[in-house]
Amino acid sequence: MSVTLLIEQLLNGVQLGTMLFLMASGLTLVFGVMGLINLAHGSFYMVGAYATAAVTASTGSFLIGLAAGMTAAALVGALVELLVIRRLYHRPHLDQVLATFALILIFSEGTRWIFGSSPLWLSPPSWLTGFVTLPGDTRYPIYRLMLIGVGIAISIALYLLISRTRLGMRIRAGESDREMIGALGVNISKLYTLVFALGAALAGLAGALVGALQSVQVGMGEPVLILAFVVIVIGGIGSIKGALLGALLVGIVDTLGRVYLPIFFQAFMPPSEATGVGSALAAMLIYILMAVILAFKPKGLFSAHD
Amino acid sequence: MSDVVLSLQNLHKRFGALQATNDVSLDLRPGEIHALIGPNGAGKSTLIGQIAGNIRPDEGSVYLAGSEITSMSIAQRARLGLGRSFQVSSLAEPLSVMRNVMMGVQALQSHSFRFWKPVARDRQLLEPAYEALARMQLSHRAWTPVFELSHGERRQVEVACALALKPRALLLDEPMAGLGPEGSAKLTELLEALKLEVPILLIEHDMEAVFRLADRISVLVSGSVIAHGDSHTIRQDPRVREAYLGDSDA
Amino acid sequence: MTNTTSLSKNAALAPEADRPFDRKGLVQMALLGLLLLLPVAAYFLGHIYYVNLASRITIIAMAAVGLNLAIGYGGMVSFGHAAYFGLGGYVAGISAYHAFDITPFMTWPFSVPGSDNLLVIWLAAMLLCGLLALVIGAISLRTTGVYFIMITLAFAQMIYYFANSWPTYGGEDGLPIYIRNTLPLFNNNMLDSSDALTYFLICFTGLVLAMAITSRMMKSRFGAALTMARLNDVRLATAGISPYPIRLVAFVISAAITGLAGALYADLNGFVSPTMLSWHFSGELMVIVILGGVGRLYGPLAGAVLFVMMETFLGGVTQYWQLFLGLVLLGVVLFAKHGVMGWLAGRERNE
């Protein structure tokens with residue numbers, strides 16, 4: 001219970017937030033540009049992690065593994081878009097939910113078939129293990145700090161991509177007026193495949209990076225997917241800015257809640273009970289946050305779509 | 001003023017830099033058809049939205065039969081007697097004509113939290129709806145699904161839906177849109193008979209119909225009413241000729 | 001103008017349409033008949049396993065009937081119905097836990113003991129699920145479309161994580177039910193719910209009742225308003241009926257039905273765990289509704305039969321059966337929009 005703990009937990013919160021942003025940005029882009037709700041986004045997270053683990057194990061290089069993971073996720077994303085997703089753009093959301101739910105089943109069981117049920121081993125390279133000492137004598141793992149750095153770099157890159165490039169211009173045009181960009185002669189189906197693959201690559205990157213921290217196993221994408229949904233609902237579906245803000249908010253609130261709520265309840269409860277109540281409440285905290293935000297802003301903080 | 005059914009007083013609505021409604025006052029009296037015309041972009045839809053309840057005015061108020069309805073929901077206004085038809089058909093396509101029309105009757109009779117009695121055998125519900133249909137000469141189509149109707153018939157059903165509310169005032173948004181000369185003539189005839197019971201605020205593009213039907217006409221340009229009077233006055237008004245008739249395809 | 005008084009008195013009434021012996025009627029009767037007869041036959045042949053399998057189908061079908069009311073009839077794509085299924089289950093589990101321990105469930109502001117009376121448990125499950133749905137629905141129904149889907153999902157996850165981390169009732173390990181709950185009848189007779197066939201018949205009665213109530217309700221004024229809210233809510237509002245309360249009430253009824261199914265499921269298995277609350281189950285329930293045919297009275301039943309059969313028999317052949325479920329589901333969504341009932345019984349008149 002000190003400043004050190006607070007700094008450490010804040011950093012953990014930001015780290016969770018940046019990884020959530022990698023997931024949420026793809027989801028929100030796909031929804032903003034194509035109007036599609038994609039449950040299978042968590043599968044790309046898993047694909048990225050598995051490919052990274054497999055390639056890292058065979059080459060011995062984490063960086064090559066990471067590149068392979070992102071590439072695999074992007075390729076799988078593009079393939080899925082070509083085979084299934086493009087049939088769903090003009091369908092009701094219910095159909096989109098079910099078809100992408102079907103994709104989750106296919107990906108999860110397929111992965112279990114190929115790799116088995118036990119988790120794969122993936123750890124960060126030796127040059128990323130260890131601690132740094134931050135001001136205030138906080139010792140913090142280098143790898144987690146690196147995750148924050150990657151998250152920030154990707155946020156900036158995405159911002160530049162969307163605001164400064166031709167592709168970004170088309171994405172923005174697609175968000176505001178889907179018919180319009182067709183009329184402008186932009187090849188919509190190519191754009192859609194590209195955006196979808198980009199989102200998948202980011203999800204795959206997140207999966208690989210987090211996989212090295214936790215474990216690489218079937219179903220790993222699902223809790224993250226649901227957190228990412230909470231993020232984009234809070235931020236406003238279709239808004240990248242909202243996704244960034246929502247991700248940081250969810251990351252920090254969730255992390256701090258898990259640490260401080262049990263401590264808080266110990267002030268007036270026996271410790272064993274306080275831990276139970278505190279952790280149960282902490283698990284609900286971000287959903288309560290979401291409910292409160294929606295009660296005031298039913299379309300999220302930065303709604304891009306009506 | 002006491003016999004005014006619907007009255008708009010000094011309505012203002014602004015969207016960003018655009019002044020969509022600028023100090024509009026209008027009224028509707030018993031037994032009349034009051035037409036609201038104006039070129040595209042004049043702010044007609046915004047004004048209708050403020051009367052019907054999907055847009056809140058920034059300033060000003062709307063009264064229906066003496067009670068202020070400015071901040072009421074669409075449904076509350078309807079129950080107070082504001083019947084409305086839409087520019088684009090808003091009927092539930094897969095359902096029968098009757099199922100569409102009877103909703104208004106259901107709203108008037110009581111709340112809809114009645115779970116047991118089947119509506120298909122409910123005379124109390126169906127007979128008034130049937131009567132509203134008969135008024136629009138469509139009783140023979142009562143149990144036809146809407147998607148099988150012709151365009152003109154749909155227009156008539158829209159009006160019948162509004163009539164099922166036993167309205168004090170009707171707000172008809174381009175009821176003639178897309179009708180051929182025959183359908184247009186038929187609807188004109190039906191509306192003429194109707195106005196004696198329910199006054200009608202008619203928003204219409206079809207100038208022919210407007211000049212034949214309307215007792216009074218208001219002309220909306222750039223959010224403001226620029227002229228007001230009977231069809232003769234409006235035809236002669238130089239500002240109207242310039243702003244509207246001069247450069248429009250009507 | 002037409003003189004309405006000269007019209008025949010019956011002119012306004014709907015033409016008679018129900019023909020119980022057309023193709024659709026026959027398929028429906030066959031489905032329900034087989035569901036009743038096969039377990040009875042299995043019971044007397046001594047195959048208790050199949051009786052319990054039929055109970056499982058029946059209960060899942062009932063949960064799907066609840067969801068179908070929200071999705072199919074009300075157009076509210078709830079991705080969180082596992083919350084009500086699980087809550088119903090926990091009501092049964094927690095009640096039995098306290099009845100077994102002879103401890104009160106709560107003591108303040110008034111004392112509530114546990115109960116082994118099924119009627120009490122069912123009523124409590126339906127009431128609590130209705131209440132939960134009232135809160136969740138009141139917030140979620142302010143939004144539409146994708147927001148609604150994600151928010152219902154998120155709220156269900158909230159309940160899931162709560163059950164997972166709340167240690168009193170087993171946390172993530174779940175809660176076993178050690179006593180057999182009983183159903184009191186007239187003259188102080190007790191129906192022994194531990195008999196597999198008796199329990200199946202209880203569930204079957206519940207399913208038939210839930211379907212009958214749904215069917216009757218959808219023909220009423222409330223059903224008419226709900227149908228209009230799904231097809232065209234602007235039309236409904238313009239006709240003077242606010243869509244929001246109509247939807248909310250339908251959502252609550254839907255949750256209560258699914259919650260009752262959850263309570264039945266807990267007693268069938270003698271066990272509740274957070275798995276009943278998981279988002280996977282919400283998804284599977286949706287799959288069942290869609291496989292069967294969304295918005296059709298017998299759709300949930302057809303879907304549940306198909307789903308549980310696939311799970312049981314395909315699952316017996318390969319542990320990766322969900323891969324095939326995924327492929328089937330993908331095929332149905334992309335190419336066969338009207339589900340099993342649409343295929344067996346022809347399209348619905350009002351589709």
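Glycine too: its Cβ is placed from the backbone N, Cα and C atoms.
The transmembrane segment annotation in TrEMBL covers C:29-51 (among others). Nonlocal intrachain contacts for the transmembrane segment (C:29-51), taken as residues 6+ away from its ends with a CB within less than 8 angstroms of a stretch CB, comprise 20, 57-58, 196-197, 200, 204, 208, 298, 301-302, 305.
TrEMBL lists C:57-75 (among others) with the feature transmembrane segment. Long-range contacts of the transmembrane segment (C:57-75) within the same chain, counting only residues at least 6 positions beyond its ends with a Cβ under 8 Å from a Cβ of the stretch, are 35, 81, 84-85, 200, 203-204, 206-207, 210-211, 214, 218, 223, 226-227, 229-231, 247, 250-251, 253-262, 264-265, 268, 285-286, 288-289, 292, 294-296, 299-301, 303-305, 307-308.
For C:82-100 (among others), the entry in TrEMBL reads transmembrane segment.
Per TrEMBL, transmembrane segment is recorded for C:120-139 (among others). Below 8 angstroms of C-beta separation, residues 80, 83-84, 87-88, 91-92, 95-96, 151-152, 155, 159, 181, 247-248, 251-260, 262-264 of the same chain, each at least six residues beyond the ends of the transmembrane segment (C:120-139), sit close to that stretch.
Look at TrEMBL and you will find C:146-163 (among others) tagged as transmembrane segment. Nonlocal intrachain contacts for the transmembrane segment (C:146-163), taken as residues 6+ away from its ends with a CB within less than 8 angstroms of a stretch CB, comprise 76-83, 86-87, 90, 132, 136, 139-140, 169, 171, 274, 277-279, 282.
Annotation source TrEMBL lists transmembrane segment at C:196-213 (among others). Within its own chain, the transmembrane segment (C:196-213) is flanked in space by residues 32, 35-36, 39-40, 43, 48, 51-52, 54-55, 58-59, 61-62, 65-66, 118, 183, 257, 260-261, 264, 267-268, 297-298, 301, which lie at least six positions past its ends and keep a Cβ under 8 Å from the stretch.
Taken from TrEMBL, the feature transmembrane segment applies to C:244-265 (among others).
Summarising the annotation, TrEMBL assigns transmembrane segment to C:285-308 (among others).
Summarising the annotation, TrEMBL assigns transmembrane segment to C:320-345 (among others).
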